[in-house]
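Undergrad: Below is the structure I would like to discuss, written out as structure tokens.
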Amino acid sequence: MLPLRAFARLAQRPRLSRPTQLARSSLPRPSPSRPAAHYLALAPAPSTRFLHSSPPVLKEKRWLNNTPPEDDGEDGQNPKQDDQVEKPLPDAESSKSAEERAKSQSSKPDIKASSSDSVSSSAPAPGSADGGSPPGAGGPKEVAKPVIPEIYPQVLAIPITHRPLFPGFYKAVTVRSPPVIKAIRELQAHGQPYVGAFLLKDSTVDSDVVTDINQVQPVGVFCQITSCFTSQEGEGKPEALTAVLFPHRRIKINELVKSSGTKGDGTVGVGGLVEGSQDSAKGEGEVKSFESEVPGVEEVREELGTVSIDSEQPDVHKENRDLETKEVTQIDFLHSLLPQVSLTNVSNLSTEPYEKDSQVIRAIMSELISVFKEIAQLQPMFREQVTSFAISNTSSQVFDEPDKLADLAAVVSTADVSDLQAVLSSTSIEDRLQRALVLLKKELINAQLQFKISRDVDTKIQKRQREYYLMEQLKGIKKELGMESDGKDKLVEGFKEKASKLAMPEGVRKVFDEELNKLVHLEPAASEFNVTRNYIDWLTQVPWGVHTPENYNISHAIKILDEDHYGLKDVKDRILEFMAIGKLRGSVEGKILCLVGPPGVGKTSIGKSIAKALGRQFFRFSVGGLTDVAEIKGHRRTYIGAMPGKPIQALKKVATENPLILIDEVDKISKAYNGDPASALLEMLDPEQNKSFLDHYLDVPIDLSKVLFVCTANVLETIPGPLLDRMEVLEVSGYVSAEKMNIAERYLSPQAKVAAGLEDVNIELEPGAIEALIRYYCRESGVRNLKKHIDKIYRKAAFKIVTDLGESGLPEPATPPAENQVEAQYPDIKPASELTSNVIPGTEVSGVDTKTDVTTVPREPMKVPAGIHVKVTQENLKDYVGPPLYHKDRLYTHSPPAGVSTGLGYLGNGSGAVMPVEINSMPGKGNLQLTGKLGEVIRESAQIAMSWVKSNAYLLGITKSEAEATLNDRDVHLHMPEGGIGKEGPSAGTAILTAFVSLFTKTRVDPDIAMTGEISLLGQVLPVGGLKEKILAAHRAGIKKLIVPAGCKPDIDENVPESVKGGIEFVFVEDVRQVLHEAFRGTEVEKRWQETLPMEEEPQRERH
């Protein structure tokens, strides 16, 4: 035990200096508005504020190691500083003499202060002055560094989030709980600025108090509070306290201290004796082990030398010797705040013993240092941090001591919280180094990727900046030399030059001048500049007054039309009439033609031939499925990406006012919420309105009257009436077999031969094979399916030739290596093998095939040896196109049963078919059942026929008297075969009526007789359509007699070729009596009908 004069000697020693400028500048200053921000402090640790106060003095028989830190206006403030007033020692005389003796001892020249007793740590110990002379010191004497208590059994627990703390690295935490703030200030006021920092397991929890030990990680750090300052996070919010913590060592939490009492062993820590209760302070007390508890006592003993302290102060020493000893913890004064603060009993977490010279540890340390260097080379920020840490006082120890090196690696990494906590909790140095190495390796991979991305971005930016800088220099040079004007001036001049070559109407010229004047006064960076520029560009792209000279040579037009298309007499005659009028008048107005016909008959291709014959430009666009009116009328200029409609786009592309515009699939226009495109076509196709067509984008009248519009459609029923009224309809019927034969021989076969690469090979496609294709494979009215089959034949022939000759007959051409060819023509292109040379290790490169060969040399066509001959006949046709699709043309060829008749139908694909009608009866209640996927109209035709038969049952001989009920006890079932094909239309009326009569009179109908026509309820036969296709189907099926309505005779004479009508007798009837007499001619019932159901006149007949 030391006498009181020793403490008096300590009281005369100079106070510790403030932190050096380096420490104060290296520590990041927390922002009051950003609480608890995690940051690293690799610079030397600043001195603690609580050690700046005076040495300990006895206050009311209590020892205080420190006083609250002084407020320097920078690091913090102490609300209790004004209350801490030092009281004089009880024995003023002894205190004064002790001070004088201490001064005399300190002035002796042989007594030297030494800092060799200071304790080193992983970072400068808070409170050290780095050997600097304290203010007011009389000489170069150094101040000893304080010793951090090695044993501190009870601490105030501060929960932290996001990242754990590591020994030797600062962190600022923000506390918002008023009791915890009060506890921290009490710790500073009593000279015990030590807390324990533990990481919360749940990062979403924001609390300053630990209520359960399982809320935090079991391993934390023992920290010293270096400075505190208050901050206001917002208006109306409570005041917060930001404390800067400096961790010293790892600790392990044992238990929480409850509010009922203090838990622990009750021993006094190394920090010194602190007051307990008020009664014990007034009672007896004794200082225990003061030499090891109060910093600086050993140094005082050194300075006193051999001076006998006991002899100089015998009374005081004797007085204190009798004080009673009472041991308490360092933070007993915080127990009154429980449970509003969390006090924990902790123990130091010791590192397992290890050999520093272990080969494994040294190898891992070397690898860590290497990774540090690699990251420092890639990331300048990381390099600055490591450099800043390297200038600290103890930086040389970090790379020599494994535990500190592992902690440094964990601090600088951005790993997960669990990985960082694992490094902190590890007690094995080797395991800790291994975990730190994994974290640092991940940082290296991230740094490499970041470096690569940064390098790529820099390269692009530098290239653009260089180009921009050179372009600006070039503009300046050209401007000085007068070689080129400003870009906007050049643009304006270009527009003026374009407009000068166009015959703009007066109104359009005025709009152009206004927009051009606006463009001149706009800055190129303005958003409206591009809008105005695009508008003027479209105005100058419209071919105002520019037209193509038309060719009205009739013979030339006939030659062009016949070369491209076979048949289509009506369409060709209409075009020739159009040209004849133009030749007489010298000019023609635009017309609107509508070509209606089944698919594949050449409606679209005939439009191209018409344009070619007239010498006009051709433009095609389809409106099938179109729902947006803006596609026709254009968009408003206010929209981004706005543009004119299709008519204006067509004029821009063809650059003439009189092109031929083909509007395809006009019968398939859709409707939507944003308008009806069919109605928008009215203005464009109306000859009275399209002279001043108004586009939404241009908003100036456009003359479309010189445009020849040709529309195509499959049916007329879906075209709106007002639109159909503005068009001249030309029906394009299907091709008959003879026409298909000519088209295949003259057009399809030569085209397919060239497409297959067999133009120089002797390939013979016999007419019999083509006829078999048409009869058994391609019965459609068009030739599109026929073209597909002919293409297939030539493809099979090409494959057969190559297979038969083999590789020896057709060798591959010898070419140099493809990669060398590319390198010779494009030296900047690198081989694929070099594309992965700069790839970062550990990454995958996709899309790079090192074996891919590329070339720019075109491949020469191969020569087929002469003498190769392929012949396609009707017999071997199935080897090329497979088995036939159609086998029988008629279901009944010989003696059909009663109740069967033969009708003619028009299929949806534009072809005709022979369709038998079958009727049977059974006992029932007089119901009529219809099957065969029949439509509504054909069902009505069956009901009409049934009603006519019932009303004329006596005349037909079905009943014996007119009053006899007919078929009330019989059910009738009507069926039309091929139920998978839908059937609709009124043209089966005569065939159904004939089948009813055949069933009820039990008389068969000749199978070589077919019929078509609609019947009325009173027995009249009405005309129907599709006669050409129906007659073609009858001709193909071998029908010898056709019963057709008399109203269809002009259509048959005009549109049906003689080749189709050959061998068929046509009977033109007007009522059902003529139909029945002709269908049952020569039978017994027909002879009886001559009296009961006579014909008014004989039907007209024609035999071909």
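Every residue, even glycine, has its Cβ placed from backbone N, Cα and C.
Pulled these features from Swiss-Prot for this protein:
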DOMAIN    155-444  domain 'Lon N-terminal'
BINDING   Gly597, Pro598, Pro599, Gly600, Val601, Gly602, Lys603, Thr604  ATP binding site
DOMAIN    895-1082  domain 'Lon proteolytic'
ACT_SITE  Ser987  active site
ACT_SITE  Lys1030  active site
Undergrad: Near Pro598 (ATP binding site), how many other Cβ atoms are within 10 Å of its Cβ?
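TA: Within a 10 Å radius of the Cβ of Pro598 (ATP binding site) lie 23 other Cβ atoms.
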Undergrad: Given a 10 Å Cβ-Cβ cut-off, pick out the one of the recorded positions Lys603, Lys1030 that has the most other Cβ atoms nearby.
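TA: Ranked by Cβ atoms within 10 Å, first place goes to Lys1030.
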Undergrad: Taking the Cβ of Pro599 (ATP binding site) as the centre, how many other Cβ atoms fall within a 10 Å radius?
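TA: Step by step: centre on the Cβ of Pro599 (ATP binding site), count other Cβ atoms within 10 Å, giving 15.
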Undergrad: If you count the other Cβ atoms within 10 Å of each Cβ, which of the recorded positions Thr604, Ser987 comes out on top?
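TA: Counting every other Cβ within 10 Å of each candidate, the maximum falls on Ser987.
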Undergrad: Taking only the Cα atoms, work out how far Val601 (ATP binding site) lies from Lys1030 (active site), in Å, as a whole number.
TA: 17
Undergrad: Within 10 Å of the Cβ of Gly602 (ATP binding site), how many other Cβ atoms are there?
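TA: Summing over all protein chains shown, Gly602 (ATP binding site) has 24 other Cβ atoms within 10 Å.
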Undergrad: Taking the domain 'Lon N-terminal' (155-444) alone, what is its mean pLDDT?
TA: 73
Undergrad: Per DSSP, Ser987 (active site) is which: helix, strand or coil?
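TA: Its secondary structure by DSSP: coil.
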Undergrad: Helix, strand or coil: which one is Gly597 (ATP binding site) in, per DSSP?
TA: coil
Undergrad: Between Thr604 (ATP binding site) and Lys1030 (active site), how many Å separate their Cα atoms?
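TA: A Cα-Cα distance of 25 Å.
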Undergrad: When neighbour density is defined as the number of other C-beta atoms within 10 angstroms of a residue's C-beta, which of the binding-site residues Gly597, Gly600 has the lowest density?
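TA: Among the binding-site residues Gly597, Gly600, the sparsest Cβ neighbourhood within 10 Å belongs to Gly600.
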Undergrad: How far is it from Ser987 (active site) to Gly602 (ATP binding site), counting Cα to Cα, in Å?
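TA: One finds 27 Å between the Cα atoms of these residues.
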Undergrad: How many other Cβ atoms are found within 10 Å of the Cβ atom of Val601 (ATP binding site), counting all protein chains shown?
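TA: I count 26 other Cβ atoms within 10 Å of it.
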